[in-house]
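Asker: Here it is, the structure in full.
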Amino acid sequence: MTATFLMSMIFGLACGQAMSFCIPTEYMMHVERKECAYCLTINTTVCAGYCMTRDVNGKLFLPKYALSQDVCTYRDFMYKTAEIPGCPRHVTPYFSYPVAISCKCGKCNTDYSDCIHEAIKTNYCTKPQKSYMVGFSI
C-alpha cells in the first residue's frame with residue numbers, strides 16, 4: 001500500500017467515527033382501536049441512528065442539564081393522517097402520525113418525541129389487517 005492510500009484510509013476511519021449517523025429510517029407501525037374491526041399497517045419514517053456522546057467526569061459537580069446526552073431526533077417532520085378501516089360511526093377513524101423529513105443529534109424534545117425507551121414490544125396487531133398499506137409510494 002502506498003502512504004497516500006494508507007493515510008486516506010486512516011483519515012476516513014477517523015472522520016467516520018467522529019461524524020454522527022442519524023438519518024430518517026423506514027419504519028412500519030401497526031395501529032388499531034378497540035372499537036374498530038381492523039388493524040392498519042402504516043409505513044413511515046422515523047429518526048434512528050447513532051449520535052456521538054461521552055460520559056462526563058465529575059458528575060457530582062455539574063448541574064443536571066449538563067448531564068443529558070444527545071439522541072437521534074427530528075429536525076424537520078410533518079404529520080400525515082390515515083383512516084383506520086372498520087370503525088363504527090360514533091368512533092373517529094383517523095390516526096395522525098409523524099413522518100421524519102430530516103434528523104439531527106440533539107436533546108430529546110418531549111413536545112413531539114417520546115423520550116422514554118419502552119421495554120415492552122407494542123408494535124403488533126391483535127385484529128385482522130387490511131390488505132393495503134399506507135405510506136411509501138413505490
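Residue positions begin at 1 at the first shown residue.
In case you wondered, yes, glycine gets a Cβ from its N, Cα and C as well.
According to Swiss-Prot, the record shows the following:
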type	residues	note
SIGNAL	1-20	signal peptide
DISULFID	CYS22-CYS72	disulfide bond
DISULFID	CYS36-CYS87	disulfide bond
DISULFID	CYS39-CYS125	disulfide bond
CARBOHYD	ASN43	N-linked glycosylation site
DISULFID	CYS47-CYS103	disulfide bond
DISULFID	CYS51-CYS105	disulfide bond
DISULFID	CYS108-CYS115	disulfide bond
Asker: At a 10 A cut-off on CB-CB distances, which of the disulfide-bonded residues CYS22, CYS36 has the highest count?
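Answerer: The residue with the densest Cβ neighbourhood is CYS22.
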Asker: Among CYS39, CYS72, CYS87, CYS125, these being the disulfide-bonded residues, pick the one whose CA is nearest to that of CYS105 (disulfide bond).
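Answerer: Closest recorded candidate to CYS105 (disulfide bond) by Cα: CYS72.
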Asker: Restricting the comparison to the recorded positions CYS39, ASN43, CYS72, CYS125, which residue's C-alpha is spatially nearest the C-alpha of CYS103 (disulfide bond)?
Answerer: CYS72
Asker: Anything within 10 Å of CYS87 (disulfide bond)? Look among the recorded positions ASN43, CYS47, CYS51, CYS108, comparing CA atoms, and list what you find.
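Answerer: Of ASN43, CYS47, CYS51, CYS108, within range: none.
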Asker: For CYS105 (disulfide bond), what is the tally of other C-beta atoms lying within 10 angstroms of its C-beta?
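Answerer: There are 20 of them.
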Asker: When a 10 Å sphere is centred on the Cβ of CYS39 (disulfide bond), how many other Cβ atoms does it contain?
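Answerer: The answer is 19.
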